[in-house]
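Asker: According to Swiss-Prot, the record shows the following:
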type: ACT_SITE; residues: H18; note: active site, proton acceptor
type: ACT_SITE; residues: D117; note: active site, charge relay
type: BINDING; residues: S254, W312, V313, H330, S335, E338; note: UDP binding site
Amino acid sequence: MGTKELHIVMYPWLAFGHFIPYLHLSNKLAQKGHKITFLLPHRAKLQLDSQNLYPSLITLVPITVPQVDTLPLGAESTADIPLSQHGDLSIAMDRTRPEIESILSKLDPKPDLIFFDMAQWVPVIASKLGIKSVSYNIVCAISLDLVRDWYKKDDGSNVPSWTLKHDKSSHFGENISILERALIALGTPDAIGIRSCREIEGEYCDSIAERFKKPVLLSGTTLPEPSDDPLDPKWVKWLGKFEEGSVIFCCLGSQHVLDKPQLQELALGLEMTGLPFFLAIKPPLGYATLDEVLPEGFSERVRDRGVAHGGWVQQPQMLAHPSVGCFLCHCGSSSMWEALVSDTQLVLFPQIPDQALNAVLMADKLKVGVKVEREDDGGVSKEVWSRAIKSVMDKESEIAAEVKKNHTKWRDMLINEEFVNGYIDSFIKDLQDLVEK
């Protein structure tokens, strides 16, 4: 059994949706006495310094993201670009390889392990330096296990046709597709790590281990402790006007932006429910504010019970407020886990293939929420939005009762302190054993 204090390097994909879960894991590992060297762009370091809870053990090391001609000047992460340019950002990430190798070769003490996700070349340089590599994935095991088969069904059989616009062959770097990159990243390291637990995704984890012939190490959800930062007083005051569990909180993430017609249907669907709601969503591309695209007369009609906010909101704090009773989410992996540990009814609106698979897990396997049904072109009418929300918010609804019962069961398990600590302790032991092999 391993007992070694580890030195682990973290190099996640250049996105805050990856930096932050990697930092949450780093805090959990440092809490147990392990040393972390975390590689990330300069501006991201400045933004995340305050979330480093163990600065004596976690060192955030800034790296330079090389300029790519097709990207805006100074782009360092997905926060600086639209979704359509993520493939070009991966070119920039690949061009960090010489700097990453140089840093790894000079670190003292020498690292035992390096965690990565999208930089599929990491195992090559790690092996050369005598460092074990772990493909640590914040996406769910169901996505890792099934996404290849999902993409293979090019005729659209058994998959929603709206997902087919996300092309498996689209470039994600120079002369490499996103699918090729993912398969190399999973097939070449010493182990595969996943932010998940066996109770929820055991069958998919076993399938991944068999498919890639690699040990699969599970860290648990590694969600942070509840934040000491209070919810913005403005929103506390607004939410305080409504009954417990009555407010719909809709937050669809920053990766995919609805177009104007779809955003209007969503807004009208929220209005049709008759319930108070908080819509946090970015304006469509080409528009500076939500006011430019909301339906005519909408703001006036809902002024006493609805907020449409185009900026950032504190999602965990919003979900923890007692007035919030429904979470309409996009099923990104982090939001999925935050949803599962919340005490809200769940409505699921995935927007890209891995989110769609997460929604399958949530709605079909765990039965903790309902999916919003799309047309073949991906569209959703206001009536469908309203119907999905009402199905989980109507106190007389059998669906509402079922998803609440199932959600409570899984939530109670996931927030159990012994359960959480057991996973991180087992994960560390597995890493120690891997290093000592």
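Here, residue 1 is simply the first one shown, and the rest follow in order.
Even glycines carry a Cβ here, placed using N, Cα and C.
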Asker: Quick one, of the binding-site residues S254, S335, which Cβ has the fewest other Cβ within 10 Å?
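Answerer: Comparing Cβ neighbours within 10 Å for the binding-site residues S254, S335, S254 has the fewest.
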Asker: Reduced to three states, what secondary structure does DSSP give D117 (active site, charge relay)?
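Answerer: In three-state terms, D117 (active site, charge relay) counts as coil.
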Asker: Quiz question: given the recorded positions H18, H330, which has the greatest number of C-beta atoms lying within 10 angstroms of its own C-beta?
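Answerer: The largest 10 Å Cβ neighbour count belongs to H18.
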Asker: So how many other Cβ atoms are close to W312 (UDP binding site), meaning within 10 Å of its Cβ?
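Answerer: W312 (UDP binding site): 10 neighbouring Cβ atoms within 10 Å.
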Asker: Looking only at S254, W312, V313, H330, S335, E338, which the record lists for UDP, tell me the maximum pairwise CA distance in angstrom.
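Answerer: With S254, W312, V313, H330, S335, E338 as the binding residues for UDP, the largest Cα distance is 16 Å.
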Asker: Long-range neighbours only, meaning 6 or more apart in sequence with Cβ under 8 Å: which ones does E338 (UDP binding site) have?
Answerer: L223, Q315, P316, L319
Asker: Give the distance between the Cα atoms of V313 (UDP binding site) and D117 (active site, charge relay), rounded to the nearest whole Å.
Answerer: 27
Asker: Within a 10 Å radius around the Cβ, which one of these recorded positions has the most neighbouring Cβ atoms: D117, V313?
Answerer: D117
Asker: Specify the secondary structure state of W312 (UDP binding site) as given by DSSP, simplified to three classes.
Answerer: coil
Asker: Given the recorded UDP site (S254, W312, V313, H330, S335, E338), which additional residues of the same chain have their Cβ within 8 Å of the Cβ centre, ordered by sequence?
Answerer: C251, L252, G253, A280, Q315, C329, G332
Asker: Which whole-number value in Å describes the distance between the Cα atoms of S335 (UDP binding site) and the residue listed as 'active site, proton acceptor'?
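Answerer: That separation, Cα to Cα, works out to 12 Å.
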Asker: Quick one: pull the CA-CA distance for H18 (active site, proton acceptor) versus the residue listed as 'active site, charge relay', whole Å only.
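Answerer: That comes out at 9 Å between the alpha carbons.
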Asker: Taking the Cα atoms as reference points, how far is S254 (UDP binding site) from D117 (active site, charge relay) in Å?
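Answerer: So the alpha carbons of S254 (UDP binding site) and D117 (active site, charge relay) sit roughly 20 Å from each other.
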